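Notes follow once the structure below has been shown.
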Amino acid sequence: METLSRSLSKSLGELLASNSNNHFSRRSGSTIDDHDEEALKWAALEKLPTFARLRTTIIHPHEDLVDVTKLGVDDRQKFIDSIFKVTEEDNEKFLKKFRNRIDRVRIKLPTVEVRFEKVTIEANCHIGKRALPTLPNAALNIAERGLRLLGFNFTKTTKVTILRDVSGIIKPSRMTLLLGPPSSGKTTLLLALAGKLDQSLKVTGRVTYNGHGLEEFVPQKTSAYISQNDVHVGVMTVQETLDFSARCQGVGTRYDLLSELVRREKDAGILPEPEVDLFMKSIAAGNVKSSLITDYTLRILGLDICKDTVVGDEMIRGISGGQKKRVTTGEMIVGPTKTLFMDEISTGLDSSTTYQIVKCLQEIVRFTDATVLMSLLQPAPETFELFDDIILLSEGQIVYQGPRDHVLTFFETCGFKCPDRKGTADFLQEVTSRKDQEQYWADSKKPYSYISVSEFSKRFRTFHVGANLEKDLSVPYDRFKSHPASLVFKKHSVPKSQLFKVCWDRELLLMKRNAFFYITKTVQIIIMALIASTVYLRTEMGTKNESDGAVYIGALMFSMIVNMFNGFAELALMIQRLPVFYKQRDLLFHPPWTFSLPTFLLGIPISIFESVVWVTITYYMIGFAPELSRFLKHLLVIFLTQQMAGGIFRFIAATCRSMILANTGGALVILLLFLLGGFIVPRGEIPKWWKWAYWVSPMAYTYDALTVNEMLAPRWINQPSSDNSTSLGLAVLEIFDIFTDPNWYWIGVGGILGFTVLFNILVTLALTFLNPLEKQQAVVSKENTEENRAENGSKSKSIDVKRGMVLPFTPLTMSFDNVNYYVDMPKEMKEQGVSKDKLQLLKEVTGVFRPGVLTALMGVSGAGKTTLMDVLAGRKTGGYIEGDIRISGFPKRQETFARISGYCEQNDIHSPQVTVKESLIYSAFLRLPKEVTKYEKMRFVDEVMELVELESLKDAVVGLPGITGLSTEQRKRLTIAVELVANPSIIFMDEPTSGLDARAAAIVMRTVRNTVDTGRTVVCTIHQPSIDIFEAFDELLLLKRGGQVIYAGPLGQNSHKIIEYFQAIHGVPKIKEKYNPATWMLEVSSMAAEAKLEIDFAEHYKTSSLYQQNKNLVKELSTPPQGASDLYFSTRFSQSLLGQFKSCLWKQWITYWRTPDYNLARFFFTLAAAVMLGSIFWKVGTKRENANDLTKVIGAMYAAVLFVGVNNSSSVQPLIAVERSVFYRERAAEMYSALPYALAQVVCEIPYVLIQTTYYTLIIYAMMCFEWTLAKFFWFYFVSFMSFLYFTYYGMMTVALTPNQQVAAVFAGAFYGLFNLFSGFVIPRPRIPKWWIWYYWICPVAWTVYGLIVSQYGDVEDTIKVPGMANDPTIKWYIENHYGYDADFMIPIATVLVGFTLFFAFMFAFGIRTLNFQQR
């Protein structure tokens, strides 16, 4: 930077010398002094050419001249630090300077006014049982879609109105807040305004920007929708993510604005402030890797502390959820777009962080004339005050839209008043709800009667704000007043070549970050190369006859298969990246080809390296043709095969778009290419209806090129064949029906190269035209509609429900004294010089939880709230616990305690395919004592559903969080209900209101309160609650960072006791009127406050009378009451092993029945594979003339079992992975033993595999025309069934033995190659070297192929022709001598197959029982 400054100073010095008599006058009283160095430099700056002038500025404190495009990281950071010392205050000051500069020369900034008029959005969906994701329903859906394509429509769907006749105006320079309960249509409205609605929705009405319809410009570049889903590349850092976004979005009109600004300033003789000039020139300079706008955005969003941390995902630990949410916001505001639709951007953030971000956004809106519509979940009062306008949406209708100042007045005219200790936002979200409305009725002259949303909407139109809105809408926007730069008319504002460079840089970065993946792939290649080389070792290989040639062909085939399937990893890699790609494609960040081309080009060096590694190890160890030219030609084919394989797997991923479909569809495509590549079925014997597939199979060209290159080498050509009629090489090629012309090597190379190019073009086309399979769309759920209908009474009956419960329980007290908790010192801290071996997370925590008392467990992030709860509940899987924990005076024993306690986890983990009621029945039947009758259990389930207000949702499928099924708030209530049906005495709840809007949080807290009122002991961790949620608690246990107690005791009316306690401490500021006591309490007890007051709140608490009272209470409750006995259960679990198995089987059966994407996919794959195999090997069972016929049959059996089996194994892994996380929760609650659970999962697979095997066997057996004898058919069926079953259990086992699904897939895949090599087809058993023969006997596929062949041909005495043999042997003799198959071995084969099946099932159960990958 110093060199740059010197060179600029030199050039500007020359300009100064020639223009020393120029004078500029500063406005606002600033005058240029001829002797002022800074003024001279500004004067010289004005003489630079326009392009250079717009990139050069003066930087303080040394008045250096710099090119803004060459500012270093440190320079940018210093600038940001100097300008933004206190973010909120300094951001406002800086933006004010920015706006003053523009206003001084009277430049009008472009603005956008968004109008929506009479917008109605409807969706068609299935309802009732037809909507459940069962196998028949899924099959019907597929059939209906097919018929619709043919022009027939028999689909019976129900129309759901999401938005009903909504109109409004989003004005520039004003912050608009969008409020509404769940399923009110907020997301749909935001998507509609951003022009991003799903095409399947029916939309009427009109959305305009400055009077222009969405079709007249490019809305994706004019506005930005900021999703509530955080979709990012996990291995990129926060700064890299924002820099990529900034480079893709470009600078928009910033450069034009700056150019005009500088021109006018020059004409007017105005000098800008250096800081503002530097900032504006930096953010207007395009094509820089990292810009000042990124640093600015990081600072205002509070992300600068984690800018160099990777974002993270399920596999990689990264930033927190709240920080990830801010990255999603930053990714869009870093661009030039000033019209923003922001969807729930504060989820996971505490109220102070939310306030800071919204405040900064408010300043941007005010000073840059931006247009912002933002939806928030639980805006605190101080955040709510930052907005200018409010839109209140409920049941798809607008209840209010207009200035914030008038919203309470409107509801007061309707008879409702917001209480003093209630946030306005919370009030607005509850006042339209039937359950909550009555409490706000304030008109004492009239009796309360429910006012519906439609009635509110009607009244708003007559209210003066509504009338003014209608008046404004009636006057069309004058299109001619629209600033030329307001709307964007080009799809990409950055040159395509520049976008390619941006994507290239990102791809290179991702390859570096994924180095472990590529290293693992290379290691896998090396291991497979060494295994192949030692199996086909040259000392064991001959070149004397056709049989030797066949072994070499087998080695070439295996080499081709390994390198072809080396590209399989591209499948998961591509699908993993698709969500981010689709998001960025739809936002018009870059065209699809800039994504696919760098992936292809940067894969070339990796393929070269892997190919060289493979060929270097295998070529001479196996003993292929020794000429260097043939080595290089072999290497070229292997390299091109790897490139082609990468292309084909990326194409499959881009087309299928999900792992299940890609595994199924991709495996079918590969099976077809594999079968018709010319090596399993010789070219001449492929049925005429499949001939076309041979010519379009890339593997055929690879196979031809490799075999022609090898077999036309001198050592094969100069050796005569066994009948001396031709050369041995040509004879081998003729036996396998391979082309004998040497030109076929180059034809093969050309074919592979052509397919490589073709597949990469197809990848780009698929990325361009296909959309995500499950595009997120906000739809009012049927459950919500039912809930509304069910509430037609004037009052919710659940409010007045009798709190008695059907089943009795024993109220219990939990006391704990001096609890300490330690973990091993993290490695990172030891590296920083920490000498201790243990890190203390809880320190001398003492307290009591009592029946009928609702206790809040609070503290700042890192205080140890969840840690304390996990320690007390016995959920910790590691660490060291000290202290005395007692239940009603008796020492706590975990196995007993688990039976009488419930734990509601924050993550709401449930089986996704069962309904709400089924979830509760399952929990009740496993956790209630076996003495309770079935009738009582069912009655108790109904009682609990009523208590937690889930009656109207009882038939709703739970679904996956954030994707399908229940909303977040409904899942919270289900989590509570699942624990309640166990009839516990003590319930722990971890963050029951996190991620909920105010109304949903109120519903959950009402559920919690109802639970406490039954006499149970309830403890909740809570984070930044609103006033009314905080004051719903009876007692508080407050922790400071370090796990120390600073308050334990009652809250009191209006929190007066906690307020009095802290205000009594000298120096603690008094609470402001109407301020949230929870927020105040955390602020005054923070570490910063401790440092300021020079006090340790934990020590102060220990010297207080409150502490002594608590110690006395703990001492009193630590002694059992006279005559009391400790809890005792005769068995560990409530149910017997048989009872546990029956309940687990019941739930697993439902899960399988409602998982059509798993079962239909494997059924379809098996059906398609069977029909494909049958038609390719049509009547092959009747052909017994030569050895090739037998090879074809063995090849068919081997390919079918391997592909169908691998598909079974891959497909089951995601299902088991999802259910395992549920298993961890249920096992911790002592619901069942691991054995019955594992056995139920194993048993559930049997009927599905039976069905799969039945139609597979019937199709294959009939089409291939095997002998229809009972014994042969039975053995074929049995071997196929056991094979498919052991493959399925193998997939289940890999999940149970590994920490996650991705590792399971890698672990399983590592053995598929070995199964392939040692199956007995690629190299017959007699040819396997003695040092590898042991693996043949433990390879399950080898036993399968053995059984299938022996069952069909073990007793056949027909003779066949074998090349190189003078006498024709019998088939029985040939399979025994060539393949090593003993005809009398069927019983041992059957026994071994059953053994493999049981072994894999046992290992699955063993893994589930003994391995726990959940870290707590």
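Using the three backbone atoms N, Cα and C, a Cβ is placed for every residue, glycine included.
On a predicted model such as this, the values are computed, not experimentally measured, just so you know.
What Swiss-Prot says about this one:
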DOMAIN    147-420  domain 'ABC transporter 1'
BINDING   G180, P181, P182, S183, S184, G185, K186, T187  ATP 1 binding site
DOMAIN    498-711  domain 'ABC transmembrane type-2 1'
TRANSMEM  515-535  transmembrane segment
TRANSMEM  549-569  transmembrane segment
TRANSMEM  597-617  transmembrane segment
TRANSMEM  635-655  transmembrane segment
TRANSMEM  660-680  transmembrane segment
TRANSMEM  747-767  transmembrane segment
DOMAIN    814-1067  domain 'ABC transporter 2'
BINDING   G859, V860, S861, G862, A863, G864, K865, T866  ATP 2 binding site
DOMAIN    1139-1353  domain 'ABC transmembrane type-2 2'
TRANSMEM  1160-1180  transmembrane segment
TRANSMEM  1198-1218  transmembrane segment
TRANSMEM  1246-1266  transmembrane segment
TRANSMEM  1303-1323  transmembrane segment
TRANSMEM  1331-1351  transmembrane segment
TRANSMEM  1385-1405  transmembrane segment
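Residues 555, 558-559, 562, 566, 569, 573, 606, 609-610, 613-614, 617-618, 621-622, 1306, 1310, 1313-1314, 1317, 1323, 1328-1329, 1331-1332 of the same chain lie 6 or more positions beyond the ends of the transmembrane segment (515-535) yet place their CB under 8 Å from a CB of it.
Counting only same-chain residues at least 6 apart in sequence, those with a Cβ under 8 Å from the Cβ of G864 (ATP 2 binding site) are Y821, L841, L842, L1039, G1042, G1043. Here the Cβ of P182 (ATP 1 binding site) has 20 other Cβ atoms within 10 Å, regardless of which shown protein chain they belong to. The stretches the domain 'ABC transporter 2' (814-1067) and the domain 'ABC transmembrane type-2 1' (498-711) do not meet in space: the count of Cβ pairs below 8 angstroms, excluding pairs fewer than 6 apart in sequence, stays at fewer than three. With the fewest other Cβ atoms inside 10 Å of its Cβ, the least crowded of the binding-site residues G180, P181, G185, G859, G862 in this structure is G862. Comparison of 635-655, 660-680, 1303-1323, 1331-1351, 1385-1405 by number of C-beta pairs under 8 angstroms to the transmembrane segment (549-569) places 635-655 first. Using a 10 Å radius centred on the Cβ of K186 (ATP 1 binding site) and all shown protein chains, the other Cβ atoms total 26. Here the listed stretches are 635-655, 1331-1351, 1385-1405, and the one with the most C-beta pairs under 8 angstroms to the transmembrane segment (597-617) is 635-655. In the predicted model, residues of the domain 'ABC transporter 2' (814-1067) average a pLDDT of 84. Remote same-chain residues near the transmembrane segment (635-655) are listed as 559-560, 563-572, 574-575, 578, 596, 599-600, 603-604, 607-608, 610-612, 614-615, 619, 662, 665-666, 669-670, 698, 702, 705-706, 709, 748-749, 752-753, 755-756, 758-760, 762-763, 766-767, 770 (criterion: CB distance under 8 Å, separation of at least six residues from the stretch ends). Long-range Cβ proximity for K865 (ATP 2 binding site), meaning a same-chain Cβ under 8 A and a gap of 6 or more residues, is found for L857, M858, G859, T1021, L1039. Comparing the binding-site residues S184, T187, T866 by how many other C-beta atoms lie within 10 angstroms of each C-beta, the top residue is S184. A Cβ distance under 8 Å defines the sequence-distant neighbours of the transmembrane segment (1385-1405), meaning residues of its chain 6+ beyond its ends; these are 1234-1235, 1238-1239, 1241-1242, 1275, 1278-1279, 1282-1283, 1285-1286, 1289-1290, 1292-1293, 1296-1297, 1340, 1343-1344, 1346-1347, 1350-1351, 1354. Looking at V860, A863, the binding-site residues in this record, the fewest other C-beta atoms within 10 angstroms of the C-beta turn up around V860. Counting every protein chain shown, the Cβ of S183 (ATP 1 binding site) has 23 other Cβ atoms within 10 Å. Each residue contributes its Cα atom, and for V860 (ATP 2 binding site) and G185 (ATP 1 binding site) these two points are 34 Å apart. Cα separation, T866 (ATP 2 binding site) to S183 (ATP 1 binding site), rounded: 30 Å.
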